């Protein structure tokens, strides 16, 4: 299996704090990689460096062997890298369907065709399909801001898939989602992973969720990689138990 | 507005358009001037509504773009160019300058951006006043000709009112098309959540610049109509207070609502006329009315309507839920 994403020696400092201090790993085509670690260990900063939301102080990010360090988030998204957010990031005044159309429209045509072409960029069908897939049918025309927290989380995830991404970085998708909805979410993620051959990296604190979803798990602590391996290996690793699992 | 049935909305729209065409036929010179001014200011306010209301970029420079358009039209038409050519130049010029003014918006937001655009507004005023070789300085430019449209002279107030109204119609259609296109959606994404927008492939830089450039270009269109409307321009009408007036039109009408600028411009242009009988007090009454409105509804007049509609929808939805629940209970 070839690597979709190769991260080499990424560093990010804020003043004297080394939030990410030389992290290297790769993500294989079609896998679901879990990323765990205590709060403040640099997981989200690492995501933001990979996604161009922060400029790393050092290191390199490669997508399909091409260096993409320093590209803007919108450019990376056009190359097939998508993300979800830890905190709710939907467009509250737009309806659920409009949120999804917006999430996919920049992948259709060019600036000029988006001005003169159809107002939905030809995406109403795809949006409706995504709405059905995430079981949001009854909410399609509601403003996204009126949805419950868990529903907005689902919408946030659905939005990440509208552009047909190859690689999706999910930042705590399970946080604040109730158990029955969580089972749904896991099912959806696995289905998209298999059917669309999309590769995922998932930050998550819910151990059960991570261990059952991911093929490999990477553990971070204090800005560095502490361990990397199959979920059962990682769970038994003494250093990981010491730093994170704790029991 | 989704509470109205579609045919009713269309009928209402047609009635308003018909009234705007027919009723002013009996108006005197002054009434037609005021109405033409409303049409021109609506165009400028629509531009600002695009930049501010939809794309969320504060600008205190819209009046300067009206000035740029007005001077472009005045200079060109007094040198024998036809008005349509002058309008095209006004659009191109204010689009280009608006694009450049958009760059600070890539770095600063909200009141910092307001200050940058305010400085630009002052700069533009100084150019209008001091560069006499081009603008006529404080003496301005007089004898601005009015155009012939399909061979008809528009020197009289009524035909020129129709020029303004027709232009407003064309601009309204263009803006309506723009805001319901993917561009309009991307503008709203800039306003609501630029961080999320970026991660969805939306080139926030380019859309921000576009929002400024297109909004400014509409200011230029308004200016290019204002010059032949008054037939004389000097720098004073294009100082900062015009920018503030236009900002108020957008806010009072309802920023981010399609019909906000029409309503806001109507209030700003017509209300002072209606309050004329109060003589010296009209500005005070006007100011108090605006303050009360914004305390009651910070989202403007259309914000009130929007809240009313939302409340009605919620009521209807909970009524439906109640019916569904009682049915469910009967079944059990």
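The backbone N, Cα and C atoms fix where each Cβ goes, glycine too.
Whatever TrEMBL says is automated annotation, not expert-curated.
Per TrEMBL, transmembrane segment is recorded for B:7-27, B:33-52, B:83-103, B:110-128, B:160-179, B:207-226, B:246-271, B:283-305.
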Whether the transmembrane segment (B:160-179) meets the transmembrane segment (B:110-128): three or more C-beta pairs under 8 angstroms: no
Leading contact stretch, B:83-103, B:110-128, B:207-226, B:246-271 vs the transmembrane segment (B:33-52) - CB distance under 8 Å: B:246-271
Contact ranking winner - B:110-128, B:207-226, B:283-305 against the transmembrane segment (B:83-103), Cβ under 8 Å: B:207-226
